[in-house]
Amino acid sequence: MEMTPTQIFLVFLPYGAVFFAIGVAITSRRKSFTNLKIAGLFWLLAIFAFFHALHEWLEMYRHLRLIDADSLLIYVGHISLLIALVSFLFLFLFGITLNTSLLKNLRQWLWIFFGLMLIIFLTHMLLLLPWNDAAMLRSIEYDMRLLIALPATLLTAAGFFLYARQLITQGLRGAYNFIGAGAAFVAYGIFTGAIPSGTVLLLPIEIWRATSAFIILHFLMYALDTFMDQREEMITERLQLAANSEKLSAIGRLAAGIAHEINNPLANASLQMEMLRQHQEIKDLPEKVAGRLTTVEKSIDKSSHIAKELLIFAGGKTPDTELVQVSLKPIIKSAWEMAAYRSSNHQFSNHITALPPVNGSHIKLEELFLNLFLNAIDAMPEGGTLELTGRVDADEVIIRVTDTGTGISPENLARVMEPFFTTKEVGQGTGLGLSICYGIMNQHGGSIEIAPRDGVRGAQVTLKFPLRSENKPEKRAG
């Protein structure tokens, strides 16, 4: 069924306009989300959209036969076909990069597949030289759609489905818009890549293609809003981190001043008590009086310990903060051995095997893990399991410490890193443990995140240590 000139105009003009709108929608927002990993790939999709819009408008010009010269129409057909090829190549590249950013182990195989499809198409195209009639152009166009367009659209759809699954797993919004866009790309791929132009399925195939493109635009517009939401959340989080860092810095300076002021009299009091203990008269004191002296000593020691924690929290540079290459596994083992004295019926399950070394201070990192282990033990007064896992992810080492304790209530989650904040009873803790952990991770250029465990009792602490370039795992070729 041949379309009338009016039908050609009404199909191809909006068909091209849809892709042009997709390109504009992406480029107009791209500067707002270039720092988001997945969103930063969408410039490839925008280039595909602009080129494909031009291709569809050239096809409209060619089908309307506004000029009578067949040779000139074939020349327009050559240009239109070349533009379509370029557009689908960019879509192919978008599909590959989107999938490999989500599943890195696919990288080599997808590039091999891309190269194979391109070689087969170019070989067949060269065999059909000199492409001087309409039948040759139709044959080349069908091969291009089958070998380039179809896998490109299906790869893009698969990437959208994978990203939607990631959003659902992370509990983030916008997953169904990517599922809708992926389903629309599947339909568009079938209508565009598997079914030749000119086919009629109740309606001309070009109408089905244009309809699929409209659906892609609809879902893609909402999907792009997801990136804007993520960017706003990221900005808010960074502002909160900056505010917290400034607050912690001010408190740290105050804490350091207080600690220095009380450390000298405490050291003097401790020395005097030690000297008193050496006098025979003290040894002959009644048991009740001697007990009070012991209480004084314990109070001095406790005050000294608090002063030390204040100095550590203040983050002053000391010789033990010099960062060198260290292995985390023996540090974790040593920290647990020190924490074990507080453990009665706690199980320690360490699943960490081989990890690359990180840049750090052995003493500070030992203190970090000791604080985390003691916190976990305190959260499990009746016993429980403390579990450690570790992995390498791109440029960082990720350690997770989980326990089966009381967990963290939502109202306390935002405050757990604040200095002097504690849920323990009065006299049972200073509230500096997690603040010190935060400071140590900050000194090491890493991060610490605390969250309740999903669906079960307990808390999960995630530590992220940056890797030096020489310690990063080697990337596979391709």
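Placement of Cβ uses the backbone N, Cα and C atoms for every residue, glycine included.
Please treat TrEMBL annotations as automatic predictions, because they have not gone through curation.
Quick look at what TrEMBL annotates:
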{"type": "DOMAIN", "residues": "257-469", "note": "domain 'Histidine kinase'"}
{"type": "TRANSMEM", "residues": "6-26", "note": "transmembrane segment"}
{"type": "TRANSMEM", "residues": "38-55", "note": "transmembrane segment"}
{"type": "TRANSMEM", "residues": "75-98", "note": "transmembrane segment"}
{"type": "TRANSMEM", "residues": "110-132", "note": "transmembrane segment"}
{"type": "TRANSMEM", "residues": "144-163", "note": "transmembrane segment"}
{"type": "TRANSMEM", "residues": "175-195", "note": "transmembrane segment"}
{"type": "TRANSMEM", "residues": "207-224", "note": "transmembrane segment"}
For the transmembrane segment (6-26), the distant same-chain contacts (Cβ-Cβ under 8 Å, at least six residues beyond its ends) come to 42-43, 45-50, 52-57, 59-60, 63-64, 204, 206-207, 209-210, 213-214, 216-217, 220-221, 224
Mind checking which residues of the chain, 6+ beyond the ends of the transmembrane segment (144-163), have their Cβ under 8 Å from one of its Cβ atoms? 38, 45, 81, 84-85, 88-89, 91-92, 94-96, 98-99, 102-103, 110, 113, 117-118, 120-121, 178-179, 181-183, 185-186, 188-190, 192-194, 196-197, 223
What residues elsewhere in the chain lie close to the transmembrane segment (207-224), defined as a C-beta under 8 angstroms and at least 6 residues from its ends? 11-12, 14-15, 18-19, 21-22, 25-26, 29, 42, 160, 174, 177-178, 180-181, 184-185, 187-188, 191-192, 201
